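Undergrad: First, the structure itself, so that you have it in front of you.
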Amino acid sequence: MDAMVETNRHFIDADPYPWPYNGALRPDNTALIIIDMQTDFCGKGGYVDHMGYDLSLVQAPIEPIKRVLAAMRAKGYHIIHTREGHRPDLADLPANKRWRSQRIGAGIGDPGPCGRILTRGEPGWDIIPELYPIEGETIIDKPGKGSFCATDLELVLNQKRIENIILTGITTDVCVSTTMREANDRGYECLLLEDCCGATDYGNHLAAIKMVKMQGGVFGSVSNSAALVEALP
């Protein structure tokens, strides 16, 4: 995929439209959001592993995200990381969410190989070393699927004057999709990098990507790590 440049406008080749829609792609107005790349979601002994899913599906995005992260760090783009987890006293954990997790054998707050499952401050809750934030990068701790719900993400984006959001992380069909929809409804121009996302079910991953593209890009556009790195101004 090639970059397209028109009179100081920059586009990433994407489907169903070159992104961003207006070509206003700059380090000062664009943020990379890396969603929930935590041991609990993609590491041995974590929440997803405890539920018996194939870890290779949620580990596949690690290397592509590393390449995107390195490129965007080098060019001075805003970097934001998210972590899903709950307070140690579980005061922010809905009863039905805990019930569902216990029902499938991985109760949130219960002891696990990486500490209490999806609990803030535990080893499994933290971001994996390969993608760990560096000084100056924002970390958003969230109690739910969406990165805007019960967090200060919107305030951070407004303070940084962000217009464009590039979404990566896991899982495509749950936390990434929810965050993309939340951002789109708030007027942010969104791009999903399909090889930088993963899900516990590959069919769900593909379905989530397909839904982004419907109706001319109802939630934004879709590209990949190679196209982004090649065209990034």
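Placement of Cβ uses the backbone N, Cα and C atoms for every residue, glycine included.
Grabbed the feature section from Swiss-Prot, which reads as follows:
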- ASP36: active site, proton acceptor (ACT_SITE)
- LYS142: active site (ACT_SITE)
- CYS175: active site, nucleophile (ACT_SITE)
- GLU84, LYS145, ILE170, THR171, THR172, ASP173, VAL174, CYS175, GLN215: biuret binding site (BINDING)
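Show me how these features fit into the structure around them.
TA: On its own chain, ASP36 (active site, proton acceptor) has THR82, ARG83, GLU84, GLY169, ILE170, THR171, CYS175 as residues at least 6 apart in sequence with a Cβ closer than 8 Å to its own Cβ.
For LYS142 (active site), the count of additional Cβ atoms within 10 Å of its Cβ stands at 22 [all protein chains shown].
Neighbour density for CYS175 (active site, nucleophile): within 10 A of its CB lie 24 other CB atoms from the protein chains shown.
Long-range Cβ neighbours of VAL174 (biuret binding site) (same chain, at least 6 residues apart, Cβ-Cβ under 8 Å): LYS145, ALA199.
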Undergrad: Of THR172, GLN215, which of the binding-site residues has the most Cβ neighbours inside 10 Å?
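TA: Sorting the candidates by Cβ neighbours within 10 Å, the top entry is THR172.
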Undergrad: What whole-number distance in angstrom separates the two most remote CA atoms of the biuret-binding residues GLU84, LYS145, ILE170, THR171, THR172, ASP173, VAL174, CYS175, GLN215?
TA: 30
Undergrad: Where does ASP36 (active site, proton acceptor) sit in DSSP terms: helix, strand, or coil?
TA: coil
